[in-house]
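Q: Sending over a structure as structure tokens; questions will come in a sec.
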Amino acid sequence: MSSPNIWSTGSSVYSTPVFSQKMTVWILLLLSLYPGFTSQKSDDDYEDYASNKTWVLTPKVPEGDVTVILNNLLEGYDNKLRPDIGVKPTLIHTDMYVNSIGPVNAINMEYTIDIFFAQTWYDRRLKFNSTIKVLRLNSNMVGKIWIPDTFFRNSKKADAHWITTPNRMLRIWNDGRVLYTLRLTIDAECQLQLHNFPMDEHSCPLEFSSYGYPREEIVYQWKRSSVEVGDTRSWRLYQFSFVGLRNTTEVVKTTSGDYVVMSVYFDLSRRMGYFTIQTYIPCTLIVVLSWVSFWINKDAVPARTSLGITTVLTMTTLSTIARKSLPKVSYVTAMDLFVSVCFIFVFSALVEYGTLHYFVSNRKPSKDKDKKKKNPAPTIDIRPRSATIQMNNATHLQERDEEYGYECLDGKDCASFFCCFEDCRTGAWRHGRIHIRIAKMDSYARIFFPTAFCLFNLVYWVSYLYL
């Protein structure tokens, strides 16, 4: 009887555990040497950490509940019908935030405004029961519910902002209240009354109403008594300064019905600095320059003529430039009046010299001066030291500074613009007339022109600035 092989049995019994342990060691060693294993694990750990961090920073919102709420609200909802149709008018509370105004284009009579426009109304179809009080939604939801058909009545062009996404916001409360806001840039019409230009003030309106719903369907109301404005220092008004604003509500009657019209009036006052430098000061200096002609010798024909023509042409250029910043209105503005009067003064200075030169150049020597030397004739002294009447009825002026006369009134020698000796000075038909010496026209002009221009400026500025 052979004895049992204990070692072989023991070897078969213990060989399996030992082999398994060895294989486990080798597998762990190979896995530790594999480079992607640890990195994959670290990435997974990082993703878990980021995911946990997101959940920590963001409040837990039951997204499934919001989706269910929206689906329930939109189920059977008809966005073509206004709230409470056939029951009562829909009340729209409006509000506005003025981000900026400007520039104002006087030629096209329009201005640019950037606003945030808000509308609030109640829609009972959008009520929901949930612990969520308000649904904060983006612009994708706007087209799925009813929105008021508000339009700006005096807008020439309006642009909504789309960068980086449409600048529109929608809020729905659980009681059915809806808030809809958007940002707009509008080129609105403003009828400028330029009678007092450039000392004018304007109230530029921004009007809006419903496009298709009359007062029986939609009623607009201001949410607040006044409109809020941003920092006016960043506004591009340039020639204007912002004075204030006011908002009103009115009803406009049309053939299609009565519409509630909401208006905001922006009060603007023009700044005169630009036009003072560009127009008023140059025109005044040109007028003063034309007076230099009165101190130049009357025999200096080229100098005085060149000065007069130059000032007239300069005034013509200034008047043309001043009109470029204005629309082609048919009435006279304050600047037109000032430029026109300045042109009249400059042109009158040129005409004054033309008149003076004409009469001075047409002087003639006394015809009887040589005759008196050759054939002395007896005379009767009627006016000592002023005039003598000769037998041949020729009248002469004998003054210390005049040896010439002017032909006037039946061939008699004339020494003044309005008066001729002797019939002129002593005649009853000339009684009370002003006696003006043509030779002294420059002296008269030196006083008359500055005085008249100063009086005009006094009346002009007082009338337009204080009356």
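Using N, Cα and C of the backbone, Cβ positions are placed for all residues, glycine too.
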Q: Which candidate in Asn129, Asn393 appears in Swiss-Prot with the annotation N-linked glycosylation site?
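A: Asn129, according to Swiss-Prot.
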Q: Based on what Swiss-Prot records, which one of Cys204, Cys283 is disulphide-bonded to Cys190?
A: Cys204
Q: Using the structure shown, find which entry in Asn129, Asn247 (the glycosylation sites) has the sparsest Cβ neighbourhood within 10 Å.
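A: Each of the glycosylation sites Asn129, Asn247 was scored by Cβ atoms within 10 Å; lowest is Asn129.
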Q: Near Cys204 (disulfide bond), which residues of its own chain have a C-beta under 8 A away, given they sit six or more steps off in sequence?
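A: The answer is Val104, Tyr111, Ala188, Cys190, Tyr265, Phe266, Leu268.
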Q: Treating G and I as helix alongside H, and B as strand alongside E, what does DSSP give for the topological domain 'Extracellular' (323-334) in helix, strand and coil?
A: 2 helix, 0 strand, 10 coil
Q: Helix, strand, coil residue numbers for the topological domain 'Cytoplasmic' (297-302) per DSSP?
A: 2 helix, 0 strand, 4 coil
Q: What's the CA-CA gap between Asn129 (N-linked glycosylation site) and Asn247 (N-linked glycosylation site) in angstrom, rounded?
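A: Spelling it out, the Cα of Asn129 (N-linked glycosylation site) and the Cα of Asn247 (N-linked glycosylation site) are 38 Å apart.
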